[in-house]
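What follows is a short report on a single structure.
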């Protein structure tokens with residue numbers, strides 16, 4: 001399933017010893033064609049890891065033969081040695097597949113600053129082993145090999161009009177937007193030009209991964225790659241394709257939210273009647289990043305005051321004294337004052353829905369986030385990642 | 001001490017039943033003159049509490065007779081009834097003192113949405129009682145009465161050239177900048193015009209309270225008020241006065257950092273060689289607000305990768321591959337790569353010093369923040385505030 005659900009793809013996941021647990025840590029996804037279309041979006045963090053800098057060059061011509069991914073080390077801030085490692089990894093895969101290294105995307109995740117000679121050798125050996133284990137049902141193995149603190153692999157598949165889109169994702173912390181924010185590989189057997197692939201990928205990620213903001217921390221390494229094999233020979237209706245791709249990305253984003261480090265609530269913050277979509281996103285993101293709001297939800301406390309205090313720090317168009325806030329269907333604040341008693345809100349379910357009505361315009365947007373919990377603090381203070 | 005250290009001031013703190021614990025919760029500070037100069041800075045949160053909206057009008061003419069403060073309820077998002085409460089509180093104090101209500105500043109702190117008739121009556125009764133208990137050594141009582149989750153009162157005094165400045169502050173959560181960020185009252189017996197008081201207060205808070213960012217959450221209620229009685233008859237050297245005022249504000253800000261909710265580290269993030277002071281503040285604040293950095297410090301982990309990842313999200317002028325990072329004197333990152341082993345850094349002391357050298361210009365700035373701990377999550381999830 002996942003990246004091998006569409007025709008024309010093979011994948012593998014192997015254990016190369018990067019993870020101290022001995023679990024799989026190198027994945028490979030190969031496009032067997034006939035088309036080799038590729039597009040990608042990258043973290044907008046200015047502190048970019050070596051594999052990001054390598055892969056940005058690879059996707060420029062719209063041709064991608066394969067994606068090789070490793071967990072167990074970010075190869076970020078590891079200097080020119082680290083960049084060489086990304087380059088050598090691509091060369092190793094290219095050699096095994098008989099393609100050009102310049103068409104091999106490299107992704108890494110793990111601790112920043114990890115990328116020494118031991119790391120390099122393990123990644124190269126892992127890439128070799130993965131190339132030898134490629135199979136057309138290897139998607140499940142690949143999805144496992146990219147996990148870090150994820151507790152479950154994230155996979156999704158959608159079919160329509162004869163073509164299929166499949167994807168895998170990893171991400172459990174440092175989930176915040178700025179284009180891509182985690183490692184994701186998506187494959188399709190539809191026929192797409194490089195320009196079409198780029199356009200639909202940007203359109204789909206804008207309303208899915210970019211709306212996920214688990215802990216406000218933007219990664220140095222994350223990347224979403226789309227590969228199209230054209231194996232069905234079907235040229236899709238592009239609007240339909242982008243809609244399905246967005247739905248698949250949203251599905252993966254929701255899986256990421258559901259498995260975020262230490263979280264006990266999946267929180268959808270929906271802003272309605274904003275002046276612009278940008279305003280709606282700004283307001284929802286400000287609430288999503290407010291630690292006092294996040295801890296209140298953890299404590300099952302419908303603390304709408306903390307919502308309004310967070311909205312007040314934005315430059316969005318709104319009147320602080322004419323805002324409605326509902327939580328799980330109970331309007332706790334109307335016209336900037338108390339409405340129903342907060343005790344009426346049941347925040348015990350994991351799924352939490354906060355609706356903020358700005359009463360200004362017509363635009364709407366939803367940000368997906370998580371609560372701030374003891375487990376989040378534990379997971380991020382007890383272990384380096 | 002504190003607000004009654006300077007000549008010409010009286011203060012009181014009384015228990016009015018706003019706090020369920022029965023502890024003091026209404027404070028009053030009165031300027032007996034001969035001058036009645038006042039200036040204030042307010043939260044820049046657009047969601048402003050009723051006492052803020054009242055007090056902004058009061059200070060416009062540069063004359064302030066008294067400041068009345070309550071804990072146990074923020075009187076924020078309590079509608080026109082709440083604004084009336086602030087107005088009535090000022091009138092009650094004015095009536096007792098024989099002054100104009102338009103010269104009485106009102107400050108409130110506590111849970112947003114709290115401000116019903118019971119609250120109003122308790123505040124009014126408390127204001128009456130405080131006015132009857134005024135004394136020229138009541139500063140200590142006042143400092144206690146404004147505490148919320150603070151564990152200790154915050155007070156400071158500085159003397160120079162014959163004049164004195166004294167101040168009190170409260171604040172333990174929702175500490176983030178945007179002009180004022182907590183309740184602070186400062187008194188002086190120096191002679192100041194309203195324009196001078198306004199200028200020195202803005203200058204001093206810009207480099208003290210505005211550099212405190214404990215948890216990234218900006219309050220709706222916070223305010224710093226400066227009262228000058230002119231009781232010494234001394235016209236101070238303004239540069240010297242602003243320097244002493246800034247030192248006093250920094251002292252209080254450090255006390256706030258030291259008593260921040262649930263914190264186990266006081267973290268100074270110093271950015272050196274930035275292109276501008278604005279860039280230095282932006283970079284330091286981005287790191288201060290990064291939950292992964294904050295949890296790493298809680299875990300005594302010198303995780304410099306999280307520092308660089310946070311810097312990378314800013315638009316400050318810097319080269320991600322030419323940045324040095326030191327923690328408690330150990331340079332763990334140089335030229336954007338690993339330097340000394342992170343294990344060499346001793347993060348067990350409460351005081352933590354992170355130095356980020358951007359190697360670009362001449363500007364520097366320090367942001368004071370705290371770590372993200374289990375106790376912070378507990379305090380902000382188990383109780384409404």
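Positions of Cβ are set from backbone N, Cα and C atoms, glycine also.
Because TrEMBL annotations are produced automatically, they should be read as predictions rather than curated entries.
Feature list (source: TrEMBL):
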type: BINDING; residues: A:148, A:170, A:181, A:261, A:380, A:385; note: substrate binding site
type: ACT_SITE; residues: A:181; note: active site, nucleophile
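Its own atom aside, the Cβ of residue A:148 (substrate binding site) has 21 Cβ atoms within 10 angstroms in the protein chains shown.
DSSP gives residue A:170 (substrate binding site) a strand state.
When the C-beta distance to chain B is held to under 8 angstroms, the binding-site residues A:148, A:170, A:261, A:380 reduce to A:380, listed in sequence order. When other Cβ atoms within 10 Å of the Cβ of residue A:261 (substrate binding site) are tallied across all protein chains shown, the result is 27.
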